[in-house]
Amino acid sequence: MVLSAADKGNVKAAWGKVGGHAAEYGAEALERMFLSFPTTKTYFPHFDLSHGSAQVKGHGAKVAAALTKAVGHLDDLPGALSELSDLHAHKLRVDPVNFKLLSHSLLVTLASHLPNDFTPAVHASLDKFLANVSTVLTSKYR
């Protein structure tokens, strides 16, 4: 799915509003995913998945950092996320459906924290962006 210039502007503006809360929102999205889709917990057997866990916060920060990198490279997501794609496809072997579940959880988290900025257009742009990120992360599964 190609991001239009308007989509790119919406994604950059929305992520800019996330600002210093990116790691916090990443952790919240992970917690939301674990609660809403319990099967996703199977990829984290060594984590303390309780609310406020340092491990969930740490992984949330990694998710946020990857998304921040992606936002900075909207015209070259495959290049920006190549190493992460390799990791998830070849080492971690994460089922691709889980990226959609995390994307949904991220959208809900962003909507809850940015209600005045989460317009239908921004929602659509972020959804397209996260779908593109998911596509890139699963591109090396073949």
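Numbers here mean position along the shown chain, with the first residue as 1.
Every residue, even glycine, has its Cβ placed from backbone N, Cα and C.
Swiss-Prot annotations:
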type	residues	note
BINDING	HIS59	O2 binding site
BINDING	HIS88	heme b binding site
DOMAIN	2-142	domain 'Globin'
MOD_RES	SER4	phosphoserine
MOD_RES	LYS12	N6-succinyllysine
MOD_RES	LYS17	N6-acetyllysine
MOD_RES	SER36	phosphoserine
MOD_RES	LYS41	N6-succinyllysine
MOD_RES	SER50	phosphoserine
MOD_RES	SER103	phosphoserine
MOD_RES	THR109	phosphothreonine
MOD_RES	SER125	phosphoserine
MOD_RES	THR135	phosphothreonine
MOD_RES	THR138	phosphothreonine
MOD_RES	SER139	phosphoserine
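This view paints the features noted in Swiss-Prot onto the structure.
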residue : record              : Cβ within 10 Å
SER4    : phosphoserine       : 10
LYS17   : N6-acetyllysine     : 15
SER36   : phosphoserine       : 12
LYS41   : N6-succinyllysine   : 13
HIS88   : heme b binding site : 21
SER103  : phosphoserine       : 19
THR109  : phosphothreonine    : 23
THR135  : phosphothreonine    : 15
THR138  : phosphothreonine    : 19
SER139  : phosphoserine       : 15
Neighbour count, 10 Å Cβ-Cβ cut-off, for SER50 (phosphoserine): what number do you get?
10
Cα separation, HIS88 (heme b binding site) to LYS17 (N6-acetyllysine) (Å, whole number):
28
If you measure from the Cα of HIS88 (heme b binding site), which of the modified residues SER4, SER50, SER139 is the nearest?
SER139
With DSSP as the yardstick, break the domain 'Globin' (2-142) down into helix, strand and coil residue counts.
105 helix, 0 strand, 36 coil
Within 10 Å of the Cβ of SER125 (phosphoserine), how many other Cβ atoms can you find? Include all protein chains, please.
22
If you compare CA-to-CA distances from SER125 (phosphoserine) to each of the modified residues SER4, SER36, SER103, THR138, which comes out shortest?
SER4
Tell me the Cα distance separating LYS41 (N6-succinyllysine) from LYS12 (N6-succinyllysine), rounded to the nearest angstrom.
30
Let me check the 10 A CB neighbour count of the residue listed as 'O2 binding site'. How many other CB atoms are there?
17
Model confidence over the domain 'Globin' (2-142), averaged pLDDT:
93
Going by C-alpha distance, which of the recorded positions SER36, HIS59, THR109 is nearest to SER139 (phosphoserine)?
HIS59
THR135 (phosphothreonine) versus SER50 (phosphoserine) - Cα distance in angstrom:
29
